[in-house]
Ligand SMILES: Nc1ncnc2c1ncn2[C@@H]1O[C@H](COP(=O)(O)OP(=O)(O)OP(=O)(O)O)[C@@H](O)[C@H]1O
């Protein structure tokens with residue numbers, strides 16, 4: 001509750017109404033002067049950077065080792081300047097704080113006083129005070145030529161009071177100002193007074209206060225198809241999370257709209273600022289859907305960070321395996337469950353028999369695959385005997401020998417593909433012991449020599465090589481997954497783990513893959529592939545020679561040069577390909593990771609620190625306890641630090657109240673976050689009379705159109721997953737401000753207005769359906785319409801049963 005008060009308090013500002021307009025104009029002028037000064041300084045720095053770059057290039061032609069080393073250092077520094085200045089020249093100054101004199105006179109490295117608390121005599125007994133320090137806050141820090149701070153980087157310690165100060169705990173801050181600018185022009189200012197009890201003066205003149213507070217201005221803005229950064233209005237409880245030390249695991253929970261995603265993204269930028277070297281190992285942000293990735297991916301560049309951070313959907317964590325389809329809830333439940341681990345372990349080993357390779361069996365005479373009649377199609381490809389000629393005689397391993405050898409090789413837990421050399425060795429051992437070479441001599445040295453010649457001869461014979469390829473093929477995760485679509489084989493691998501119904505469903509769902517495993521994958525299939533690739537192992541391959549890159553000769557440029565030469569997208573792609581592990585992993589919407597997905601994500605952060613944000617009330621996974629156990633396993637014994645965000649910045653109180661009813665049904669006793677604002681617009685209810693889909697289509701379209709006329713930004717229409725394609729057709733004529741979404745796709749997104757179509761359909765779609773409905777109802781920043789069909793049992797006012805008290 002305290003945090004809510006703080007947030008509400010912080011948006012209350014005092015305005016001098018009588019002369020507001022002229023004061024506002026004057027204050028904009030004051031900030032304009034400062035911005036002009038900053039730009040002059042930036043221009044000087046850009047010239048400096050360009051000069052350094054040119055100079056460095058010239059020195060590079062000299063060629064002495066000293067000149068080259070100097071060139072490296074200069075290119076490095078100049079490049080950093082240019083890169084950052086070019087990126088952040090626009091709209092980078094956004095805040096200002098006016099502070100009382102501090103307790104001690106110490107200054108930090110950014111040139112600002114470090115003391116958080118005011119000096120005892122900073123406020124006079126008659127509650128008057130003089131402003132002793134003014135700091136401007138921006139996306140990067142800029143020092144004047146005399147090293148005084150013109151702009152403080154938002155992540156620097158000196159900027160913390162801009163975010164942390166509240167009227168309850170103001171510290172030294174008297175006035176906090178948000179500056180709106182575009183390019184070189186200041187457009188407006190909004191002030192929050194942190195010490196309204198004081199009569200403060202700045203350079204002897206009264207301290208003016210403008211506007212209704214920056215937060216409300218930010219929240220009232222229309223939403224577009226991409227998320228904006230919140231750097232100018234981060235609230236105190238959010239700032240605590242963003243700046244929390246990155247030790248072990250930071251867990252953040254909070255209801256819809258409390259800023260979890262925004263906080264996670266700003267935290268990534270903060271961590272990089274804090275310790276760029278440490279996070280050179282990369283930060284991975286795992287998002288639930290590609291839609292949310294697309295929605296959020298502009299935020300980090302706007303904060304001046306991009307290269308080190310990979311934002312990936314959970315269905316895109318495995319290279320070359322992009323999820324493109326959804327599973328029915330009853331299939332997701334099977335594929336996501338940790339029971340699959342046992343099934344996969346069996347499949348990874350069992351798939352050696354009867355490999356699902358589509359190739360035609362080898363020609364007669366090339367390989368001895370035994371004389372038996374093939375039992376079933378796939379088994380026909382597994383050789384059942386091996387014959388070679390050694391010392392002029394035929395030596396044969398029969399089915400029993402082979403089965404014993406295989407059993408022997410597989411007795412450990414090593415990945416199947418890595419066991420091939422051992423299989424090869426045991427085959428040679430068995431052939432040797434049956435050959436006549438073994439008893440020929442007694443001299444150990446001679447025997448060893450003979451044996452090594454034997455191994456060399458046999459193992460280079462085409463017959464032997466082809467046998468090994470067929471009998472111990474290199475398995476790929478995709479092929480094993482495809483092999484699981486054979487219900488009979490899957491039945492063997494899943495015995496006593498899945499029931500026959502589950503086996504049938506799973507096999508049928510994997511039937512969309514061909515024998516090589518090509519075909520549409522679901523987000524759950526991707527986690528299974530990742531698990532399989534660990535179980536199967538990747539045999540070492542000869543290293544590909546790296547192409548010669550002249551930049552290799554320059555030290556310290558790794559961090560810098562790619563940023564200038566690659567686009568953000570290319571760099572993210574390259575980093576993702578190169579990395580399988582990260583220095584910090586941020587999981588957004590963590591409540592939705594299935595146990596198998598936790599295993600996949602866990603493998604990417606085995607040595608990482610973590611930030612995990614989520615909300616149990618929005619979980620679409622059916623068995624939260626099972627997921628919690630998998631999450632504990634992924635995170636190991638690392639200590640955890642927990643934070644809770646309590647204020648809903650997205651939904652007006654009217655929408656939040658309606659959603660709270662569903663929350664009470666889904667999770668009785670769970671508290672909803674408090675909405676920070678109210679619009680006075682109640683949610684609207686419309687019931688469709690006729691039972692045909694055409695009625696639903698017409699009403700949904702009309703309601704979406706109605707909302708389009710009432711908001712400036714986007715309208716999201718949320719339907720049950722199996723109506724997605726239909727809804728897209730219904731809404732196509734309305735243009736691109738309207739987006740049709742399946743309930744699971746709505747996760748994390750927001751729109752100015754939403755239409756939620758048939759709450760009952762959404763709720764009945766899966767065992768976690770009520771929580772999914774809760775997500776759907778909490779996407780709007782301004783207006784919500786609920787369209788009900790017969791299934792929703794609407795009352796006379798059109799309110800569906802699920803949304804009544
Ligand atoms: N301090 C803030 N200043 C301005 N806007 C904010 C602030 N905090 C959050 N918001 C806005 O509130 C909205 C919700 O934020 P966000 O999507 O991060 O919430 P969330 O907790 O991840 O929600 P959900 O759990 O529903 O996905 C966004 O539009 C975000 O920009």
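Note: Cβ is positioned from N, Cα and C throughout, glycine not excepted.
Sequence annotations record features per position, and here TrEMBL assigns ATP binding site to 254, 255, 256, 257, 258, 259, 260, 261. For 1-17, the entry in TrEMBL reads compositional bias 'Low complexity'. Look at TrEMBL and you will find 233-652 tagged as domain 'UvrD-like helicase ATP-binding'. Positions annotated as region 'Disordered' by TrEMBL: 1-28, 352-384.
Listed in sequence order, the residues of the same chain lying 6 or more apart from residue 256 (ATP binding site) and placing their CB within less than 8 Å of its CB are 615, 618, 648, 650, 651, 659, 673, 774, 775, 778. Taking a C-beta cut-off of under 8 Å and a sequence gap of six or more, residue 258 (ATP binding site) has these contacts in its own chain: 645, 646, 647, 648, 649, 673. A 10 Å cutoff on Cβ-Cβ distances gives residue 255 (ATP binding site) a total of 29 other Cβ atoms nearby, all chains included. Burial estimate for the binding-site residues (254, 259): highest at 259, by number of other CB atoms within 10 Å.
Within the same chain, the residues at least 6 positions away from residue 257 (ATP binding site) whose Cβ sits under 8 Å from its Cβ are 648, 649, 650, 651, 656, 673, 675, 750, 778, listed in sequence order. Listed in chain order, the residues near the ATP site other than 254, 255, 256, 257, 258, 259, 260, 261 are 615, 645, 648, 649, 650, 673, each with its Cβ within 8 Å of the site Cβ centroid. In this structure, 260, 261 are the binding-site residues from 255, 260, 261 whose C-beta falls under 6 Å of some atom of ligand 1.
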